[in-house]
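Notes to accompany the following structure.
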């Protein structure tokens with residue numbers, strides 16, 4: 001009874017909100033190429049749940065979230081959105097939106113519970129086969145990420161995961177298994193999602209697993225060296241990517257005819273002050289974020305901006321490493337949410353905190369007490385649509401207009417378990433965000449950027465890492481007491497946008 005009553009209430013609310021949708025929009029589906037991919041994105045740990053079902057082993061995030069104090073609301077992804085059991089329902093949600101692509105990640109722990117030290121798990125292969133076949137039946141292209149933060153805890157316990165070159169062989173084996181099992185139907189692969197975030201938070205700040213850091217970045221019980229370990233971990237990520245991409249290009253690409261890339265978190269930076277020092281600081285802040293990983297993959301070495309500051313702290317690439325790096329990625333995945341200010345800490349006095357120790361630049365979202373854009377519920381996430389245009393143009397210049405996909409872009413709502421469903425569902429701010437960013441994206445494509453797709457984060461509310469369930473990015477609201485899905489106003493807007501229903505006649 002209660003569930004049916006909620007359904008009627010939500011349906012009534014959505015019907016009312018539908019009347020509030022603007023009659024005309026500044027952006028239309030027809031402003032993008034006909035072949036353009038429009039989709040939604042998720043990740044395995046954030047939505048699947050079923051953390052011990054189907055012979056899956058523990059991941060690093062399974063362990064991390066069960067340690068008290070790590071997650072804001074004390075929650076975890078044990079159940080999350082229960083996508084493991086409800087994937088068919090979620091595929092129907094995507095189909096109802098009218099998207100032609102779905103970006104998701106594979107749980108390494110489901111496929112290889114013990115890494116290369118054990119066998120392939122048939123139940124894991126079966127789950128992703130069913131998911132891939134289900135979305136293809138709806139005319140939706142799978143866009144698959146191999147690793148989105150979560151790895152088997154076995155590899156951390158056995159040899160220290162990303163701090164050990166052994167992981168390159170493990171990741172290569174995992175990639176090989178996935179290419180062989182799913183590559184006949186998957187035409188878009190990415191090796192990693194936001195390794196720049198995972199490395200920074202895991203080995204510099206200590207706020208993500210494996211929780212390693214040192215002062216002034218933090219005081220981690222597990223120890224660590226924030227001045228060295230992030231660069232070792234990043235080096236092993238880069239060479240793991242190179243291992244996987246060599247396997248794909250030598251063994252699979254010619255017959256499977258797919259593309260492969262890497263997804264990076266990409267903040268745009270503006271100088272805090274109109275002075276040369278801050279303009280240089282923005283260049284350093286940019287280089288220490290995304291080119292940290294992309295420059296080696298495109299040009300074979302770390303950015304000169306990093307070499308100048310870090311010197312010998314950056315590992316070197318051996319002749320064998322450079323041989324593998326000759327196999328180039330086919331596209332860049334750009335996760336863009338926000339724009340921040342950067343202030344010089346190389347030639348100027350600067351507060352000595354953790355943020356100044358990496359690129360000798362302090363970053364902030366405010367200037368003289370004024371935010372750079374409209375704040376959102378996610379700290380440091382501001383609404384600055386110009387940022388996506390400038391970010392794409394930066395990649396155009398630096399990487400000779402290598403093909404790009406906007407693999408994540410979305411708006412954070414904040415609340416808690418007492419927030420009414422109606423407050424989540426009425427998300428006009430998200431519509432304004434999507435409309436603004438898509439307008440700027442269409443403009444930069446008209447200016448010549450080779451951007452081939454856009455994925456809204458996310459199709460459904462989900463577990464938002466350190467923030468648990470206190471932040472929601474979904475186009476669909478989830479009542480976690482019942483797992484009921486309800487469309488937010490933004491889902492209706494996105495659907496109508498994809499159908500060109502906003503276009504003035």
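Placed from the backbone N, Cα and C atoms, the Cβ positions cover glycine too.
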Query - Listed co-binder of beta-D-glucoside (same site as 46, 148, 193, 194, 337, 457, 464, 465, 473, source Swiss-Prot) among 246, 283, 389, 408 - result: 408
Query raised in the report: What recorded positions in the list 55, 194, 213, 220, 345, 350 lie within 10 angstroms of residue 337 (beta-D-glucoside binding site), counting C-alpha atoms?
Result: none
Query raised in the report: How many Å lie between the Cα of residue 46 (beta-D-glucoside binding site) and the Cα of residue 350 (disulfide bond)?
Result: 37
Query - Protein Cβ atoms within 10 Å of residue 193 (beta-D-glucoside binding site), excluding its own - result: 25
Query raised in the report: Taking 46, 148, 193, 194, 337, 408, 457, 464, 465, 473 as the record's beta-D-glucoside-binding set, what's the max Cα pairwise distance in Å, rounded to a whole number?
Result: 18
Query raised in the report: To which of the recorded positions 46, 55 does the lowest count of other Cβ atoms within 10 Å belong?
Result: 55
Report task. Run through the Cβ atoms and count how many others sit within 10 Å of the one on residue 220 (disulfide bond). Result -> 18
Query raised in the report: 213, 345, 350: which of these disulfide-bonded residues has the sparsest Cβ neighbourhood within 10 Å?
Result: 350
Query raised in the report: Which of 337, 457, 465 (the binding-site residues) has the most other Cβ atoms within 10 Å?
Result: 337
